[in-house]
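Over in TrEMBL, the protein carries these features:
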type	residues	note
DOMAIN	C:10-140	domain 'Exoribonuclease phosphorolytic'
BINDING	C:86, C:124, C:125, C:126	phosphate binding site
DOMAIN	C:158-222	domain 'Exoribonuclease phosphorolytic'
């Protein structure tokens with residue numbers, strides 16, 4: 001029995017509200033249950049120095065968590081003067097995941113920065129962030145297409161992510177904070193709508209696992225992501 | 001005529017949603033029109049080093065702005081590794097304003113940190129932040145009183161803040177971004193519900209002003225703050 | 001009775017020694033009683049990036065305090081690796097105050113940086129700094145004019161500043177450290193020689209205040225600044 | 001055909017030289033071909049603040065790369081003033097991997113810090129680091145056991161790591177720099193000598209992958225790690 | 001012929017004004033010609049962590065240069081967020097030089113921090129700083145003795161410093177900025193009043209030197225320091 | 001009697017292994033007894049900004065120490081976010097020493113960065129670093145000459161360095177850690193193969209010294225450096 005009463009292969013309620021803020025070219029508030037992440041996509045008509053003049057664009061991401069998004073207040077990274085290793089690890093993952101489904105040449109010499117800021121955390125912030133970031137990116141790119149700034153769509157397919165883990169000996173989908181804290185092993189899977197794996201990361205936390213365990217988690221991730229893909233389509237009006 | 005069509009002494013719509021996030025002891029989302037600030041109050045059962053053993057509490061504030069809260073994306077302060085002078089100036093002002101209405105001895109040896117994070121900016125983020133911060137603080141203190149952790153109410157009165165300025169020669173209340181960018185002079189007033197001034201800051205931006213101008217802005221601020229005080233009472237269930 | 005024996009509307013002795021150091025284009029040591037601030041103006045034949053090619057100049061300021069300018073030694077900001085919020089707030093105020101009386105277009109594409117370093121502190125360092133900074137700027141601009149690098153004088157008028165506050169229930173002018181530490185409310189006023197207000201900042205410290213209090217402080221500030229304006233003229237040989 | 005002429009399931013030559021430096025309680029120089037990492041284990045008779053008085057120990061790791069370990073010189077992180085996201089990600093992985101095979105309660109209230117410094121890089125620095133770090137830890141713990149500072153052995157089993165990836169359509173083991181730069185997808189596997197998986201991370205770089213691909217890489221990793229486990233035993237005199 | 005017209009073994013005018021600022025326990029403004037350094041000694045009734053409970057005191061120094069102390073404005077170290085290597089090198093030298101003449105056990109468990117801030121630079125700032133720092137320290141220690149906080153005098157003798165170098169083939173004493181910029185080799189000597197050498201640092205700048213050159217510079221340094229020692233005695237009322 | 005049993009004028013065993021790492025244009029592992037420093041020279045076809053377009057090259061150095069190079073583990077500078085004053089002082093000395101024997105005009109518009117990383121420390125790391133750095137530089141320059149990128153040899157002569165000090169009243173050569181910790185005075189001498197002094201730094205540590213002491217140390221340094229120069233020639237195949 002999961003603490004939340006969910007079935008092992010049951011996601012939390014997914015909500016994706018487009019247009020949550022108005023200045024960004026793309027913006028959604030994504031919720032996986034009580035985990036809520038504001039994702040905004042900003043289009044910049046320039047690329048980072050290492051890409052100048054290379055005829056291609058770039059997609060990158062930044063991640064942050066409001067100090068009191070969590071059960072007990074954390075220090076503000078801006079006040080501490082540096083981003084934690086965890087923050088950097090997550091924002092690198094989000095960026096890689098988005099770039100996996102974008103044709104950077106087709107994007108042209110521009111950069112899209114997706115900011116993922118966690119307003120409330122209850123486990124799975126990085127997977128909610130990736131899933132919402134794709135929507136923000138989709139909306140921003142749609143605006144570029146509408147404005148005829150892009151001759152073709154650089155986004156090849158959808159990308160979504162979900163966490164899975166072994167909790168009390170059972171493989172479960174979309175861990176909340178309570179499950180996450182007690183999981184024997186947990187992983188994050190980034191999948192595309194056409195069935196490929198972009199990234200799989202599974203970490204033993206006390207309990208090691210084997211091939212069968214890995215595949216079981218991956219099967220759950222496929223279930224969760226298909227639900228995420230539907231929510232993404234609905235939110236972006238596809 | 002103001003760009004928004006408002007009358008000179010007309011506030012933007014004020015909304016204060018209590019309980020916007022669930023972990024913080026007090027939390028509101030405050031909106032002054034399109035300016036939206038998430039304010040959370042966190043109670044910590046310890047005081048900063050300089051107050052240890054002095055038999056009193058502390059109230060402090062931190063301020064941040066999401067990178068794409070604004071029209072064009074700003075750099076993330078956590079990534080730059082330092083808070084700007086503007087950020088520090090604002091968070092010091094919020095902290096001072098709250099402490100002006102709190103009896104720190106009556107608070108006991110605990111600290112309340114109020115985080116004000118701007119989700120969307122359209123002028124007046126610091127005044128919205130102060131006005132919302134008071135609500136978050138009020139809610140957190142009410143919980144301490146309910147839990148019998150506080151023998152008496154340490155909050156003496158309400159505090160609110162609003163900006164005023166001279167725009168196209170007219171003194172106007174609660175400047176939005178367009179007005180703020182073009183104002184000849186603008187100021188922020190922090191007032192209490194019992195009619196006192198906590199802080200007045202008026203800066204010439206191109207146009208200097210005189211006593212009469214100062215008083216005219218202050219009169220507008222009184223009008224705006226009385227509306228804010230009502231919204232605060234409603235949001236905190238008083 | 002004031003601790004120093006001064007009358008409520010009595011400034012401390014103002015001294016402004018031009019040419020205190022020799023490398024800077026303009027340099028003065030300004031004293032308001034025991035508060036002593038070295039102000040130097042450095043002319044740079046370039047503007048900050050955000051102004052390049054805009055056909056105008058810039059005036060900015062930096063502020064620092066020697067570690068043992070104060071009663072007990074403070075940490076050196078260079079050693080701590082960051083400037084405090086207070087430092088940044090003050091240097092922003094000095095820069096704004098100077099720009100309020102300079103025609104940046106008439107200055108041409110150059111920048112003048114005014115450094116204000118407190119050698120000894122006894123209250124009112126920011127107001128002494130502004131008052132001295134204007135002199136350093138005046139001297140540097142006079143050299144540009146003499147050298148025929150400037151066709152016309154970009155400085156429109158004088159700017160000076162003084163603090164005022166309520167001490168033991170009495171409104172007093174130019175607070176020293178003892179008064180400042182005990183003031184119920186205190187403010188800084190930046191005024192121009194032609195009678196305008198550039199900036200007014202009044203903060204309640206324990207005691208809130210009202211319109212009448214605000215105006216009383218402002219009247220004192222006018223008295224103090226007229227004395228400052230005379231000292232400025234004398235120091236800059238006008 | 002691999003650039004190095006190796007068979008797809010062939011590791012580079014593994015060398016582990018114990019005692020490469022003399023001050024550390026445990027020290028090895030580990031080489032996977034031209035990748036050479038100096039691993040030192042330092043025993044400290046104290047634990048980090050979050051574990052004080054909890055009756056358990058801690059194992060953590062730090063990772064660095066000498067500026068010219070690589071083909072072109074990189075900036076020194078100490079000079080830049082911060083560790084990159086990549087560095088932090090790697091050192092977190094090394095620490096987690098070691099803790100997965102250590103009984104922290106049996107270690108007692110002490111900390112072992114394993115420093116992994118890359119002297120020369122040719123792909124796979126993090127997996128060589130983990131494999132060498134275990135040896136340094138093993139040697140340091142053996143000294144504690146010999147000195148009767150530990151009643152029982154806190155290390156449960158061996159841990160090793162290797163990278164695998166898809167290069168030119170073929171799954172290959174232990175990628176060198178040339179293969180790594182061109183791999184369509186690559187992953188790092190951390191395995192224990194008793195057959196469990198501690199961590200699996202597989203990232204698509206241009207080419208997405210599926211379950212079968214994931215399992216193929218994992219099978220290669222098992223081959224590589226069994227060779228690593230033998231080298232570890234030989235180096236630590238077991 | 002020296003640019004200043006001085007004889008090869010002629011110091012610039014040395015002035016040491018005691019009591020230049022009033023809060024510090026000891027304070028002097030030392031001038032070697034146009035090089036002017038404010039030195040303040042602050043007594044703290046505690047020692048740094050590494051000396052706690054060891055029954056001895058500590059003397060340390062910090063060094064800074066105002067941004068426009070030099071011919072062209074330098075960046076403010078506090079704004080850059082770090083002290084340069086040069087600054088750190090100099091402040092370590094000043095601290096070592098002072099400790100060489102202080103009996104730290106006789107000082108008791110207290111620390112004296114000497115701040116040396118360059119108001120105007122014209123070569124030789126570090127040697128003027130050491131020479132002035134000793135005076136500030138002497139004055140502060142005298143106050144401790146007068147207050148009966150010290151049973152005996154912990155200062156064993158005087159310490160002073162001067163620069164020497166080869167300029168246009170001639171060994172010259174107390175280089176000013178013009179000479180320093182063009183010197184073939186230059187050095188700094190820290191000597192005590194009883195004839196010992198505390199520190200000798202001679203660096204070739206283009207021209208290497210030999211034993212004879214080294215001794216020639218040292219002979220000049222002895223001449224310069226004897227003049228410094230007299231000025232120190234006069235300034236500290238001995 | 002020295003702790004190591006060496007004669008007063010006896011160096012530790014000097015070993016210089018060329019080609020210790022393979023990516024750098026020049027690389028040696030230099031050992032003075034148990035002190036081991038990896039020196040790599042990296043050729044960059046650009047110069048630092050202050051030299052652009054000046055028709056000359058630059059040689060600079062960086063220095064680091066692995067956290068457990070020492071008896072007890074030190075903090076990693078990259079993790080602390082800044083280089084210590086000691087580190088900066090040493091790397092400035094290495095750079096100056098190398099530039100003293102290089103004709104920067106003959107080097108052309110390129111920069112050579114020499115990294116000196118201490119793998120194991122037992123006293124004298126900076127002198128071993130300078131001695132090894134010259135070899136790395138020599139090897140890198142030889143490659144440029146072979147590749148016909150340099151018309152003539154920009155290296156004028158060899159440079160080496162050694163420490164000397166007074167230990168138990170006796171002047172001794174090449175102090176190891178035990179001697180260094182207990183030395184009454186110690187110095188570092190940087191000499192060239194043609195008999196000149198590049199840099200002499202002698203510091204009293206408890207015991208002051210005089211001319212005779214200085215010359216005695218210098219005589220020892222000449223003995224040590226002649227041995228170093230031979231080892232350099234052997235290592236660089238001259």
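Every residue number used here counts from 1 along the chain in the order it is shown.
Keep in mind that glycine also has a Cβ here, set from the backbone N, Cα and C atoms.
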When the binding-site residues C:86, C:126 are compared by other Cβ atoms within 10 Å, fewest goes to C:86
Other residues near the phosphate site, CB within 8 A of the CB centroid of C:86, C:124, C:125, C:126?
C:63, C:90, C:118, C:121, C:123, C:127, C:128, C:129
Using all protein chains in view, find how many other C-beta atoms are within 10 Å of the C-beta of residue C:125 (phosphate binding site).
25
What same-chain residues, at least 6 away in sequence, bring their CB to under 8 Å of the CB of residue C:124 (phosphate binding site)?
C:32, C:35, C:162, C:163, C:174, C:175, C:176, C:180
What span in Å does the phosphate site cover, taken as the longest CA to CA distance among C:86, C:124, C:125, C:126?
13
Across the domain 'Exoribonuclease phosphorolytic' (C:158-222), DSSP labelling yields 18 helix, 30 strand, 17 coil
For the domain 'Exoribonuclease phosphorolytic' (C:10-140), the DSSP residue counts stand at 42 helix, 41 strand, 48 coil
